Amino acid sequence: MRNDSSRMDGSNLFLALFLALIGFYAAVTKSDKTKSCKISEWKCSNGTCISASKYCDGQSDCLDKSDEPTQCSACNRTLYGETGKTYELEIRKPKVFPFVCHLNFTAPGGLYGDIIQINVDKFNVGRFLSHTSDGCPDGYMTISERDFTPMDGRWCGTAWGYNVYYSESSSINVSLKIYKLYQQQGLTDNFSFKLTYKFLKRTDAKLRTEEGIWTGDHVAGSYCNKNVYGCDRRECRIRSPNFPGMYPRNLTCKYHIHASPPPTGLHAMLVIRQPVGQKMYLKDQDRQHEQTDRSPRTWSQCDSVQDFLSVYDGRTTAFPELARICGGDYLPDIISSGPDMLIEFQTSPYDSLYHPTPISFLLGFEMQIQVMFVNANSQLYTRQSNHCEFTLSAFESASGELESPKHTLPPKTICRYHFQGRRHEIVWISFIKYHSAVDQSVFEAPAECAPQLRIWDGKLRPSSKLDILSENVRNASLMAEICREEVPKLCSRSLISKETRPCSTQESYLSNGADLTIEYLPNPLGTTRLYGPSSAFKIRYEFVDTSLGGAPLEIYPGPKSMPEPAALLQVQSKSCDRVYSSATQACSAANKAVSQKHKDYSSVASQYHFVAFAVECLGGWSEEAKVFAKDLGKRMSDATGEPRSVMFFRQQIILAIQRGNSASVLGTIPSQFNLDEVYYLR
């Protein structure tokens, strides 16, 4: 009985243990089915959690295989993820058309990140035919961001290389729309679509969150327009949308840059540049050309893809266009003529995904902004953005230095410098610095001269607003024409020191009359130069007084027996020998001074009522001064009733002149000089 009892106790213990295990399993199963998964996970039917990216990926990740139901699809879902993890997603080849698939990626913050990174690992969607018109006839992919107007830019064809997209917002939609699969004989692999994606903290985007860098204020209601200002007080940048990843298609962004009012006496201009070539690349040509050719391109070179930056010399697109840029490499300075600049970024509506590996540059662009100041009264900038013309008058300065504009000029710009002297002066100019626009690395000798500089002896005025160098009013003769591969006469030693000997006629240019004109074409081939040093010059000029005073010495033939060499010493027609003699008539000096004043101020005689007033030291008045004093005195007498008004007026004029003369004389005497030695004529 004892043995039987022992057997019964063992059986009961086993049964109890078995029932306990069943109860524990049931409890655990019930607990799994009731527990919740993270928003980044998908819940199996048995209650376990797997990554949401593994749903319908072709492999059973749930023990009950509930993540791979019949005819499942990875489309039309919202996907989340945790920072620090990488997820994969692949769309299977569709069988029914048209095929539409929407994928939403959302980063709600915190553990789940702030922005999304998407890498396109495999992409074969239809055919890519054109960047501009009906480029994706079979199907395409689009990417749109939350809170931004969809641009409907499309990618299709076969991807190659490293293609990555960084979101601007916390939620993006990736959509596939396929009308048909492209059929070609011998081609079976005509569709593939695989992504890897991450959720990043905004602080992890180092290129976007550099400390101390400001990228402007976003314009409400626009996708990417920005206002950038105050760049003289902080470090400013402008960037393409989604930088440093691939930028959207079918997009137009406008960046308005403005400089604050400068200090008194200065003029503000804006500079954009990118010295780091890896931070500048806009697609400029079809894929088959890009593998071996990466360089900066301008103007019509950007027409193939039509992804480019347009730089305008003002607030709107109505101002002159300074440059149109595409391609990639470092970007030299582009400078506005004033405190406003508009940069417009445009992309074509269609494209194929292509970014060569290994990665040596980033897609899109980042540009630095700087504010520079120049003298507000200088010729270093044009007063009107489409008008480069300057006048240098002897009435303002008898000599000085002149430099070419410091800012970028629009294509086909002609700058004219008009030197205007007095009737008895000639113009003397010396080039102390000159740089041609020729690029020696790619230079090919032109069949004809491309004139970059012309110097005219006399006044030169354009015959029309559409004038070019060769079509002008012919009131001047051509002194020199400098082609773009040449340099003018140079006197560079005067750049080192002003105390050097004067420039000779072999080192400078001298006009025959009082006027001289320089025509300067910064871009002789018609397009703005963006790589290599731009053309520039620096000139020293002087208005030389050729008046000799006195009268020419009359020719004295001498006796007939005088040797011929001695006769040659007598005055010729161009001799500088002069005779100075006093006038025999009272007030002659005053009248002569009046005549000279009328010559000097002839340029303003038509705009003003001009009276030349001259009085000799001993009291003699010029005739014009007498008439003026008599007429003005009579008017004063008629107005006041005082018959002695003319006499009083003359006395006041004489006293004023005597005071002025006395001050002039005393101003030339040292302070310790004995004034007893100064004599006055009474």
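A Cβ is built for glycine as well, from the same backbone N, Cα and C atoms used for every other residue.
According to TrEMBL, the signal peptide annotation covers 1-31.
Other Cβ atoms within 10 Å of the Cβ of Cys37 (disulfide bond) number 15 in total over all chains. Cys37 (disulfide bond) falls outside any helix or strand according to DSSP and counts as coil. Positions annotated as disulfide bond by TrEMBL: Cys37-Cys49 (among others).
The disulfide bond annotation in TrEMBL covers Cys44-Cys62 (among others). Under the three-state DSSP scheme, Cys44 (disulfide bond) falls in the coil class. Sequence-distant contacts of Cys44 (disulfide bond), defined by Cβ-Cβ distance under 8 angstroms and a gap of at least six in the same chain, are Ile50, Asp61, Cys62, Leu63, Asp64, Ser66, Asp67.
Look at TrEMBL and you will find 75-200 (among others) tagged as domain 'CUB'. For the domain 'CUB' (75-200), the model's pLDDT averages out at 94.
TrEMBL lists 224-372 (among others) with the feature domain 'CUB'. The residues of the domain 'CUB' (224-372), classed with DSSP into helix (H, G, I), strand (E, B) and coil, number 11 helix, 69 strand, 69 coil.
Its Cβ taken as reference, Cys62 (disulfide bond) is surrounded by 19 other Cβ atoms within 10 Å in the chains shown. DSSP gives Cys62 (disulfide bond) a coil state; it is part of no helix or strand. Neighbour list (Cys49 (disulfide bond), Cβ cut-off 8 Å, at least 6 residues apart, same chain): Cys37, Lys38, Glu41, Trp42, Lys43. Counting residue by residue with DSSP, the domain 'CUB' (75-200) contains 3 helix, 61 strand, 62 coil.
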